Amino acid sequence: MMKKMTGKSFALSALVAASFMAAGAMASDKTEPRNEVYKDKFKNQYNSWHDTAKSEELVDALEQDPNMVILWAGYPFAKDYKAPRGHMYAVTDVRNTLRTGAPKDAEDGPLPMACWSCKSPDVPRLIEEQGEDGYFKGKWAKGGPEVTNAIGCGDCHDKGSPKLRISRPYVDRALDAIGTPFSKASKQDKESMVCAQCHVEYYFEKTEDKKGFVKFPWDMGVTVEKMEVYYDSIQFSDWTHALSKAPMLKAQHPEYETWKMGIHGMNNVSCVDCHMPKVTSADGKKFTDHKVGNPFDRFEETCATCHSQTKEFLVGVTNERKAKVKEMKLKAEEQLVKAHFEAEAAWKAGATEEEMKPILTDIRHSQWRWDLAIASHGVAAHAPDEALRILGTSVNKAADARVKLAQLLGKKGITDPVAVPDISTKAKAQAVLGMDMKQLVEEKEAFKKNILPKWDEEAKKREATYK
């Protein structure tokens with residue numbers, strides 16, 4: 001049920017909004033968040049960036065693979081997970097996903113402010129205005145009226161200049177941690193580092209002094225094993241699994257880390273080389289195409305600059321690698337789904353925390369490795385061998401968990417196989433978890449109808465004060 005807003009709370013909301021408006025009038029001199037400001041000065045780049053809006057299709061990844069609903073039980077990704085679209089949709093899609101809930105005010109909702117961090121040049125603007133302490137404080141809804149410009153110019157470039165930059169302080173700290181400071185990097189390296197501001201694994205800190213801050217788990221290295229050791233060393237978990245009660249890790253989108261492990265990364269072929277090639281405009285000018293997308297769509301400007309093989313041949317090789325990765329992915333999922341249900345059965349049979357601890361550690365490590373491999377959307381092209389290696393270790397660790405579970409269940413008198421319910425569709429899997437999807441969708445639609453227009457109106461008024 002919706003809470004009625006009292007006069008006191010309404011006044012407080014108005015005060016918060018007014019303070020945001022005042023802050024907007026003092027926008028940072030380092031970041032211009034409005035992409036359209038550059039549409040004349042950098043016409044070709046702007047128009048090609050705007051073309052990312054042509055990736056209109058929304059692909060429901062949970063519908064394609066309902067196993068993931070069970071693997072993310074108790075976490076927002078079990079509600080909604082769609083394949084990524086172009087940069088133009090960054091703000092739209094994070095607003096619309098069921099994962100962000102249906103907040104009714106700036107202090108409501110399931111997710112923190114940090115969930116805006118990869119979505120907009122308004123993020124560096126806010127960090128510059130408020131500091132990281134101010135930006136990261138509070139709920140995701142707090143940023144609704146502030147973060148309205150999609151991923152664009154100010155995320156990767158100095159204000160009004162083609163010069164590349166890191167616009168988020170936590171990224172500079174991460175690059176320093178692995179001994180590759182941006183300030184000392186070559187232009188070629190910088191072309192990938194700017195992408196690493198978002199296309200990476202990250203987590204939200206839980207320490208009192210930096211609660212909610214974004215951090216990359218690179219202190220011990222960027223391989224799946226080293227990040228795993230780091231997370232274990234600080235006893236971090238993203239959530240507790242609803243079935244197995246395992247302390248879980250949710251991988252994000254570690255394209256930078258997996259790219260470094262593949263043939264392109266090891267030969268320093270940058271993200272820009274393949275995804276933002278140099279092209280020629282209608283008036284004969286060379287420019288960097290900002291329609292970030294599949295290299296095969298611009299084969300002559302991307303792959304063909306290095307490869308002598310035909311497009312058809314390389315597409316075939318890539319599809320073959322995708323099929324192998326998918327096959328191993330599904331094997332890992334099959335083992336993990338069974339492990340979660342078997343762990344649930346063990347708890348119900350009276351298993352103790354001491355008995356379950358090594359089992360839950362195996363489940364945690366197995367799913368972390370599965371997730372890191374599949375969350376990197378281009379891994380079959382970037383690092384197929386590494387993906388298969390990681391998924392192989394995931395299968396092994398899930399099998400280790402299941403062997404221990406079989407022994408434990410036997411001690412508890414359960415010798416028959418633990419039944420896995422029908423999870424053949426997204427809806428059936430969500431029903432198994434007791435998720436009221438109808439209510440979640442209705443709440444989201446009300447949010448989109450009642451709250452989003454207010455956010456946009458506040459943003460419009462704030463930006464009208466910009467010079």
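Each residue, glycine too, has its Cβ placed from N, Cα and C.
Some features that Swiss-Prot has for this protein:
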SIGNAL    1-27  signal peptide
BINDING   HIS87, CYS195, CYS198, HIS199  heme c 3 binding site
BINDING   CYS115, CYS118, LYS119  heme binding site
BINDING   CYS153, CYS156, HIS157, HIS290  heme c 2 binding site
BINDING   GLU201, TYR202, LYS250, GLN252  Ca(2+) binding site
BINDING   TYR202, HIS253  substrate binding site
BINDING   HIS264, CYS303, CYS306, HIS307  heme c 5 binding site
BINDING   CYS271, CYS274, HIS275, HIS382  heme c 4 binding site
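Sequence features, as recorded in Swiss-Prot, placed on the structure.
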| residue | record | Cβ contacts under 8 Å, 6 or more apart |
| --- | --- | --- |
| CYS153 | heme c 2 binding site | GLU32, ASN35, TYR38, PHE42, GLN45, TYR46, TRP49, PRO121 |
| CYS198 | heme c 3 binding site | CYS118, ILE151, ASP155, HIS253 |
| GLU201 | Ca(2+) binding site | PHE216, PRO217, MET227, ALA251, GLN252, HIS253, PRO254, GLU257, LEU372, ALA375 |
| TYR202 | Ca(2+) binding site | VAL214, LYS215, PHE216, PRO217, GLN252 |
| HIS264 | heme c 5 binding site | CYS274, HIS382 |
| CYS271 | heme c 4 binding site | GLU191, SER192, CYS195, HIS199, GLU255, TRP259 |
| HIS290 | heme c 2 binding site | GLN45, TYR46, SER48, TRP49, THR52, MET276 |
| CYS303 | heme c 5 binding site | CYS274, PRO295, PHE296, LYS311, LEU314 |
| CYS306 | heme c 5 binding site | VAL269 |
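Around CYS156 (heme c 2 binding site), taking its Cβ as the centre, 22 other Cβ atoms fall within 10 Å, counting all chains. Annotation for HIS87 (heme c 3 binding site): spatial neighbours TRP49, THR52, ALA150, ILE151, GLY152, VAL292, criterion Cβ-Cβ under 8 Å with sequence separation of six or more.
A separation of roughly 25 Å, to the nearest angstrom, links the Cα atoms of CYS115 (heme binding site) and HIS275 (heme c 4 binding site). For the pair HIS307 (heme c 5 binding site) and HIS275 (heme c 4 binding site), the Cα-Cα distance reads 15 Å. Nearest Cα neighbour of LYS250 (Ca(2+) binding site) among the listed binding-site residues (LYS119, CYS156, HIS157, HIS275): LYS119. Close to the recorded Ca(2+) site, the chain also has VAL200, TYR203, ALA251, HIS253, PRO254, ALA375: residues not among GLU201, TYR202, LYS250, GLN252 whose Cβ is within 8 Å of the site's Cβ mean position.
Between CYS156 (heme c 2 binding site) and HIS275 (heme c 4 binding site), the C-alpha separation comes to 15 Å. The two recorded residues LYS119 (heme binding site) and HIS275 (heme c 4 binding site) have their Cα atoms spaced 19 Å from each other. Close to the recorded heme c 4 site, the chain also has CYS195, GLU255, TRP259, HIS264, VAL269, SER270, VAL272, ASP273, PRO295, GLY378, ALA381: residues not among CYS271, CYS274, HIS275, HIS382 whose Cβ is within 8 Å of the site's Cβ mean position. Among the residues CYS271, CYS274, HIS275, HIS382 said to bind heme c 4, no two Cα atoms are farther apart than 12 Å. Shown in sequence order, VAL292, GLY293, PRO295, THR302 are the residues of the chain, 6+ apart in sequence, with a C-beta less than 8 angstroms from the C-beta of HIS275 (heme c 4 binding site). For the binding-site residues LYS119, HIS157, LYS250, HIS307, the largest tally of other C-beta atoms within 10 A is found at LYS119. The Cβ neighbour count for CYS118 (heme binding site), using a 10 Å radius over every protein chain in view, is 20. In three-state terms derived from DSSP, LYS119 (heme binding site) belongs to neither a helical nor a strand segment and is classed as coil.
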